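Chemist: Can you keep this structure in mind? I'll have questions shortly.
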C-alpha cells in the first residue's frame, strides 16, 4: 500500500479549492478564471509527478492504492488505486479540463459558479477512474452528473433547458440500473458482502445472475458511451451546451461509459461478456454506419460533430467486443485519441460561433479568407477525425481492425462482414467531415452577417488548438507511449478471464 495519499489529494483538491472560490470575496471574473486555471495546472502537475515517480508500467496490479475505513456502520471504505487502464484516462481528464477552463474565458455570467462546477466535475471524473470500491465508483459517477446538468441548464443555447432535462433523464434513469447492479454484485455469495473490486474480480456467479447483472451495467454504460439507440441525448446536449462544456462531454464524459464497460462488465463479469460480445460487435458496427450516414443530414455544426463522436465510439465498442489483445489496446488508444480530437473540434466550432453567432451550416460559407488560422486548424483536426495516417485516429482504428482479424471468437465470414461494414463507415466519414469544412470555409461569403471581416484566432485560441493537436500527432507517430501504459493490464484481463 502506498502511504502517501496521492490519489486522495488528486480527487479532493479540485472540488475543495473550487469551493473556496464560492466563499471568498468576489474579486471579478478575471480573478476567478485565472484562479481556476491555476488549480487545474497545479492538479495536472501533481498528477503527472505522482504517476511518473510511483507508477510501474510493467506491473498489471493496482498501484498507489489507498484503503481507509470511511463509514463503520455500513462497512464502507474509501478505496482508490490506479492501473494501466485508468492512468491514461486520468491524465486525459486533467489535460482536457485544463484546456476547457482556458476555453471558458469568454464566460462572464455567474463565472464563479461556472468555474466551480467545472472543478466539481473534474473531481467526480478523477474519482470514477481511480475508484477501487464499487459503491465509491457509483457515488463519483453520480457526483459528476450534477455539475454537468447545471452547466447545461444555465449556460448554452435557447433550448438548453430541454437538452439538460433530456440529459439528466437519460443518465439518472440509467443510474438506477447501475445501483441495482452494484447492490446485486456486492450482496451475492455466502461470504460477507464486499464492494472491493479486486475481491469481486475473483468471484464467480451463476450464469443467469451474471447475465442479469451484465445487462444492468450495460444499460448504464451504454447511455454514457453512448450506444445506439440510447444516444439521442447526445446531439441535443452538444447542440445547446457552451463549447467548453462540450469539450468536457466529448473529451471525458463519453469515455467514462467505455471505461465502465472494460472495468466492470469485462473484468468482473467475463462469462456474460463473452456471451454478449457478438451483440456488442453488431451494435458497434451498426453505430459506425448509422452515425456516418445520419451526420450529413445535420444542419447544426455542433450536432454534426456530435454524430462523428457516436461513430468513433463504435470503434471502441468493437475493440472491446473483439476480446483480443490488439482489439482492447486499440479501444483504449481510441478512447484517448478521440478525447483530444472531439474536444478540439468542439472548441474550434465554439470559437467560430463566437465570431459569427451562427451554428447552421446552411448560413455559413467563405470564412477561410477571414479566419485562416481557424480554417487551418479545423482542417487538420478534421483530417485527424477521419483517421488520416500519421494521426492518432488512424493507428487506433488500424489496431482495432487487426484485433477483429486475429479474434478467435468469430467465424471468418462474420469477421469479413464486420470489416467490410467498418470500411464503408470509414469511407462515409470523410464525406460528412469534408462537406462540413466546405460549407463553413469555402463558397460565397456570408450575406446575413454585418461587418464580415472579423478577427482571426488570438494567442489563447491558437495555444489551445496547438495543445490539442500535438498529442494527436504524437500518438499517431509514436502510439507505443499510450499502448505501453495499458498493455500489461490488457494481457492480465484477457489471460485471467478469457484464456486462462
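Cβ atoms are placed via backbone N, Cα and C, with glycine included.
Keep in mind it's a predicted model, so treat the numbers as computed, not measured.
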Chemist: Need the matching range: Swiss-Prot marks transmembrane segment on one of 4-24, 361-381, and I'd like to know which.
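Modeler: Of the candidate stretches, Swiss-Prot labels 4-24 as transmembrane segment.
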Chemist: Could you check which of 59-76, 113-130 is flagged in Swiss-Prot as transmembrane segment?
Modeler: 113-130
Chemist: Apart from its near flanks, which chain residues at least 6 from the ends of the transmembrane segment (113-130) lie with a Cβ under 8 angstroms of it?
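Modeler: Residues 7, 10-15, 17-19, 21-22, 32-33, 35-36, 39-40, 43, 80-82, 86, 89-90, 93-94, 97, 100-101, 104, 107, 136-137, 139-141, 143-148, 150-151, 154-155, 244, 248, 252-253, 256, 259 contact the transmembrane segment (113-130) from elsewhere in the chain.
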Chemist: Using a cut-off of under 8 Å between C-beta atoms, tell me which stretch among 211-231, 242-262, 462-482 contacts the transmembrane segment (87-107) the most.
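Modeler: Out of the listed stretches, 242-262 contacts the transmembrane segment (87-107) most.
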Chemist: Can you work out which residues elsewhere in the same chain, 6+ from the ends of the transmembrane segment (272-292), have a Cβ less than 8 Å from its Cβ atoms?
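Modeler: Same-chain contacts beyond the ends: 207, 210-211, 213-214, 218, 227-228, 231, 265-266, 307-308, 310-311, 313-318, 320-323, 409-410, 418, 421-422, 424-426, 428-429, 431-432, 498.
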Chemist: Would you say the transmembrane segment (462-482) and the transmembrane segment (416-436) are in contact under the rule of three or more C-beta pairs closer than 8 Å, pairs 6 or more apart in sequence?
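Modeler: Contact absent: fewer than 3 Cβ pairs fall under 8 Å.
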Chemist: Give me the stretch from 4-24, 211-231, 242-262, 386-406 with the greatest number of Cβ pairs under 8 Å to the transmembrane segment (462-482).
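Modeler: It is 386-406, which has the most Cβ pairs under 8 Å.
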